[in-house]
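Under the heading Zn(2+) 1 binding site, Swiss-Prot lists 70, 72, 85, 88. Annotated Mg(2+) binding site per Swiss-Prot: 458, 460, 462, in sequence order, evidence recorded as sequence analysis. Positions annotated as Zn(2+) 2 binding site by Swiss-Prot: 813, 887, 894, 897. Per Swiss-Prot, region 'Disordered' is recorded for 1384-1411.
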């Protein structure tokens, strides 16, 4: 009876497991899984379609073909369940057991598992300490291996060829045992004493680095075997498991042919070869034949496990490689990525989208037919409830006939039932949002215009998918978390995502502009109603300046009530009418200006902060409706006459032509080199283009009009094109410049700039040549888009993979660490203010008033807009805030360190998957940036080179600590510091701006000088880098020999010659010398550096043009040589995306700069061929030296004092060096700034937090330096949380903890080295990850999101985190309860011996509360 009852139990998958372990199966284990041995290669009988007995599809082994029916048909139906038919041997049960029952094949000869042999590093090789080549020779029967040397001088593990073996046999007879094939290897593996080996190796971790490394590797593998209890000999198979037949199906096609899984072919080969080998062994066939068969069997097993890993892949009849077991799980179309991480789902549909301007923000229009199909089950159940249909079949009929009652039910079912809309590619979480469906006629989904920005959707044929959340929980989550009206901010930056665009912006902008002397100017109105009547009557026009009495509502801080205040406001008609839609609590001043796109965005942001979510959504909807209406009423049009070509254009072009001619002249007379000429020409044209566009915009911007007094005045233009660009609705100054200015410089396909620009614009029209030049850019744009979209997607995938397990797991980790934030100032401009950087972060320590030292903000408080206003008022210029990097939570992050949830506006909630959000925020713009290249049409967007710096504000000049300069003969101050900066301070001594000044620049200000804004502080030649002398003297050339170190360049045009330093590789002699200049004084003695006995030596690097003659007198600050700077390539995100990937992969840049390893004094040691020896001596006299290639530019000179981590050889910094020398905080700052630079160039806002989260994940592993009394090996990489836990335990036991140093891993490396093998295997290199995990017998704790998705549990984030925590708490309680009951029972039995069951009180209550 019990078994019958089991039938009705719903089969529930047991998801209450908390970890998964992977290991290697022993032969006993494989046999215990198996339901029988597969002896024959036959599959199914092609006539009867019944499986052959003992074959690959045998029903006796694997289970019946039809539910509850044996093969011969003797037993049918449920009553016989569990009976085994005596005729055909088949158990009567469900067919689905054919998906889970395995078989096995007993191999006649052992076979090595190819993964452990060939997946590098070869595990077999490590365990046996043999080379892969040797093991392969043994396994594939090319050589013998000695398994037992006996009394002979042969070595165990020794390899010998066939001939050697024969000779040794003759010599020693049967004294020794040597074997071939997997048997030999198996014997060796069985003979290994793991404990002994480990002890030997532990004692042997000394000696040369190579040896230590090798031993450590072996040690690791052996310890893994020991820990996991796996025996090494299991790497060689005696029994091969056979996959259940329904997982490798064989389907009859019509026409008597079969479609089969490749695995069946591979299994057939193994079985065939195995039975043949068995027969040969029984017949005692000659050794050589049996050997060949064993080799073939080994190859067949290899192919089954991983086809193509060794030798040529086995092919089927159609010459294509067969898909082996390994291929089934790896790659994009393998099990992990195809079926476990990306499933297709039921209850979904897709259709084209069109605009739904009448919808509210939380609604979408759903076509009736789609809704009918999607909500079918709901309709069926309702039909049954109402008694209209009795069965599902009847209900189906009813729905298909489409009676009116069905449509009524559909309306009812759909009410309050949100659906989710998704637009591919889903680049961030706003790519899926929930809406309430509104039934519409037609076949297209209607989408609210305001959510288009978040979906990145437009209506040119985009399609979207609809998904129905079925369960009540799913509906609730969709409604509370995913509803479009709850997602009004971008999670990347905290900016509003529901900002109107295009026509709406144009309508609002047009309506809020003001006009001089408009009709009705100066009238005063009582209220907006009166304004509306006057406008309708034609008494005033929309742009007229008027005064209106308006009532504003402000929130009373004490009571929280809104109090009205009425006043007369000067405004325009359009703005006054727009004021009616303002939510309470938003002052009118917010819309009393021309509403451009930025202003509207700010308006929505302010509304969100001041009035809350609900009001803002309503307000945004109203703005949208009004914008559409106003844009329609405005009657915009664009005519060719709106593109005004400036009359000054011809004059500017003529001037540029003249300048170019002059440069050509200078080139001809040899004053400039070819490279300089090109650079200067490109610069002239770049400037000319900018000038044209400036005068064009100036002309478009204003128009003349007469005011009330009849005077002619300028006012902002109402030109349609100008208004579109100015409002931010469509187009930009760059595009208008191409329409009405000049197209300007174009780039060649390789990115270099063509020096003749296109002087025409689109209004004038291009000639054939100009058109041809511009096709380069357009095509490059299209090609780039295609390539880079893929790259960007891959970057996002790697980012998500490295951060997917980072979730907010606790409120506060209690750390006091943090990082100090200041405003970012570059080139004198504040790029990012302090406010933008610290908004929404928590303070790490108290913020004090700079003057009174009063506490403004306590530690651990989140900084919001209001607090920051107070800080700004107090003049605070730096704040120490908590960051994701300094958070001390073990698994995950704490809410305090993360700060504000940018997508919601409050402190982040527990369970928020901040890792994935960070990855999406960085990856999403990547794709957009990549698609942005060709909009400019390849017009070369070359950054105009700066050649001066000017003060932006008034103040006092100061210089930074490293600034040094000399005064030259003209009395100018010449900078000779590599990292000099000019600082301007205000009257309180607070730094206002800071400018980098390059080496060789001329300073035009002195220290402590008062300057006004606009003063030029320094200037320099941007196209060359000078080499300057600091001291006076007479030039004495050394090693400057023509043909050896310098070449005379004679210009073919001018006949003039200059000396150019040439590359040492091209010099004739072997002795390498560095061309340099020494200075001698009047007496011929060498000039020394003051305070030392080093003589002044100035070296020239390759490519320098020497400007002085031997014996010439020079003064300080004079230029000895110039190095031309190569022409810049156009800056495009092309440089950007790879740059971001390079930073996150932590690659060492090529030609990287060198940082000083220690603090000390620089000197140059003995040179070698092609290299300079650079030495730094620290105060204790410790010397660090390094050889630097001569072509590198050394930034330091003899006797200079450098600090640890300072750049001493020019080039990009290596993040690994920064981490090693300057620490985590500097590294984080470097990566954040570099990544932000790339995005900022494209005008993309991303919060620093997201980048920090990624950096935290890149730093999550550490290298053990001194293992102490832990079980680690020095040099081993461990998860940071793991070593912290171990150390805590060691310290509590009074043992010596391990010491470790930080290590920076690239994102790919970090994803692969995660503790979760499931996540790593599904990312990349599946084989390697699984092999390693199997040997170590790894446990996956299922901490990350990916692992849980793969095993089909709720993810431990969001509501899932709460679910898992509650479940664990309940389990712990249940355990405690069970124990208590057991104890109580035991006590009861002991005391009374009565048989009454003890009552347990409150048990139900307790377990309920845990939920």
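Every residue gets a Cβ built from N, Cα and C, even glycine.
Given the structure is predicted, the values throughout are model-derived calculations rather than measurements.
Structure with Swiss-Prot features highlighted.
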residue	record	DSSP class
70	Zn(2+) 1 binding site	coil
85	Zn(2+) 1 binding site	coil
458	Mg(2+) binding site	coil
813	Zn(2+) 2 binding site	coil
887	Zn(2+) 2 binding site	coil
894	Zn(2+) 2 binding site	strand
To the nearest whole angstrom, what is the C-alpha distance linking residue 88 (Zn(2+) 1 binding site) and residue 897 (Zn(2+) 2 binding site)?
68
Out of 460, 462, 894, the binding-site residues in the record, which is closest to residue 85 (Zn(2+) 1 binding site) when you go by Cα distance?
462
Note down the number of other Cβ atoms within 10 Å of the Cβ of residue 460 (Mg(2+) binding site), including every protein chain shown.
6
Distant-in-sequence Cβ neighbours of residue 462 (Mg(2+) binding site), under 8 Å, six or more positions away:
352, 353, 423
Other CB atoms, at most 10 A from the CB of residue 894 (Zn(2+) 2 binding site):
22
So among 70, 72, 458, 460, all listed as binding-site residues, which is physically nearest to residue 887 (Zn(2+) 2 binding site)? Use the C-alpha atoms.
458
Which residues, in sequence order, are found in the same chain with Cβ within 8 Å of the centroid defined by the Cβ atoms of 813, 887, 894, 897 at the Zn(2+) 2 site, excluding those residues themselves?
810, 812, 815, 882, 884, 886, 888, 889, 893, 895, 896, 898
Note the Cβ centroid of 70, 72, 85, 88, the recorded Zn(2+) 1 site, then list each other residue of that chain whose Cβ lies within 8 Å of it, in sequence.
59, 71, 73, 74, 75, 86, 87, 89, 90
Using an 8 Å cut-off from the Cβ centroid of 458, 460, 462, can you name the remaining same-chain residues around the Mg(2+) site, in sequence order?
353, 457, 459, 461
Test of understanding: give the count of other CB atoms lying within 10 angstroms of the CB of residue 70 (Zn(2+) 1 binding site).
25
Express the distance between the Cα positions of residue 460 (Mg(2+) binding site) and residue 894 (Zn(2+) 2 binding site) as a whole number of Å.
44
Between 72, 85, 813, 897, which of the binding-site residues has the fewest other CB atoms within 10 angstroms in the structure shown?
72
To the nearest whole angstrom, state the Cα distance for the pair residue 813 (Zn(2+) 2 binding site) and residue 72 (Zn(2+) 1 binding site).
68
Hey, how far is residue 458 (Mg(2+) binding site) from residue 897 (Zn(2+) 2 binding site), Cα to Cα, in Å?
38
Using all protein chains shown, find which of the binding-site residues 88, 887 scores highest when you count other CB atoms within 10 A of its CB.
887
